[in-house]
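Before any comments, here is the structure.
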Amino acid sequence: MLDSKLLRGQLQEVADRLASRGFSLDVARIESLEERRKAVQTRTEQLQAERNARSKSIGQAKAKGEDIAPLMADVERMANELAAGKAELDAIQAELDGILLTIPNLPDASVPVGASEDDNVEVRRWGTPKAFDFEIKDHVALGEISGGLDFEAAAKLSGARFAVLRGPVARLHRALAQFMINLHTGEHGYEEHYTPYMVQAPALQGTGQLPKFEEDLFKITREGEADFYLIPTAEVSLTNLVAGEILDAKQLPLKLVAHTPCFRSEAGASGRDTRGMIRQHQFDKVEMVQVVEPSKSMEALEGLTANAERVLQLLELPYRVLALCTGDMGFGAVKTYDLEVWVPSQDKYREISSCSNCGDFQARRMQARWRNPETGKPELVHTLNGSGLAVGRTLVAVLENYQQADGSILVPEVLKPYMGGVEVIR
């Protein structure tokens, strides 16, 4: 969440910067609440001073043998007014805090200004899409040939947007996740974590999914107990490991990685990507999270993005990197790069990773801090997250880019050690 001081001192500037994201800040409402807050605070401070003076005069009057009943009545009246004033202050602050929780992060000055994904800026490309000399099949057709993808069985179990994987295709899916985890822990310096797949509301508020995006989440209601939510990404559980903590400078940067299933309702995706594994209610993802000193977060974003790119390079999958524009960035991001992998059957690049610097936005919500050795005081950390990668979409890319004319699939060289001798999926 944004620093409340920004809304008090730079409200119009904040509103202008948020407008570049397509977000309309209710300036009049915030100004009205702030004026009320100041007025009530001034009144309660004056009342407290008067009450203190009256309380002091009670002792003096008592020493002189004077009647203190009127003074006592005044003090009691002021105490009641003070309690009412503090309650009003708390209510105003709660309303301001509620507004803050719905305001997205401010984009960095380096982020391209734009309204939608059409305004994203391509930064670079890697690899060249293969020219096939036969009719390209999509991953659904390839899965039917091998028997490795079964969407009908999944629909019988769970409905639309699920998949059952079998045999070598299931093993290939597992191999991809193992390869990614081994790469990030072995070469990129991340520490592997196994975290809960269900979290409570404060964790989702900490990373920004709540309260604004509850409709995108799967919720488990429990009578008499706190509700659970299925994680939409391991970003939630990994990042919240530092919630409420004050980290030593020597602990930074923290680099965490986890392989988990992710669960999303896809509430706004009706009619999009209904065929295949591109958009599912349940999918696996390897997630990278970094917690860093504020001055190093932009450098860390470049490194995080390079870590995700390395997966695609070793798999020899063509991809491109986009700098997202202000209107297409996620709620909590200061700056985001998307990686898009080439999908032959669609003749275009599709998103496979999103790498974001969230600045102190999540840290403020979580109260995640580090002790700055220069000041000796606790300060907010910066947090970053990125997919390294979405396993299901990577499987789609491998199946389609490594397909042969007969519908068989060559296993990428880097995955062969994980495939138990299987080099071709038929």
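Glycine too: its Cβ is placed from the backbone N, Cα and C atoms.
Positions annotated as L-serine binding site by Swiss-Prot: Thr233, Ala234, Glu235, Glu287, Ser387. A C-beta separation below 8 Å, combined with a sequence spacing of at least six in one chain, links Glu287 (L-serine binding site) to Thr233, Ala234, Glu235, Leu238, Val257, Ala258, His259, Thr260, Asn385, Gly386, Ser387, Gly388.
DSSP assigns Glu266 (ATP binding site) to coil in the three-state reduction, outside any helix or strand. Taking all protein chains in view, 14 other C-beta atoms sit within 10 angstroms of the C-beta of Glu266 (ATP binding site). According to Swiss-Prot, the feature ATP binding site maps to Arg264, Ser265, Glu266, Glu351, Ile352, Ser353, Ser354.
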Task = Please give the greatest C-alpha separation between any two of the L-serine-binding residues Thr233, Ala234, Glu235, Glu287, Ser387, in angstrom, as a whole number.
result = 9
Query = Can you tell me the three-state DSSP label for Glu235 (L-serine binding site)?
reply = helix
Ask   = Including all protein chains displayed, how many Cβ atoms other than that of Ser387 (L-serine binding site) lie within 10 Å of its Cβ?
value = 26
Note = Across all protein chains shown, the binding-site residues Glu235, Glu351 give the max Cβ-within-10 Å count at Glu235
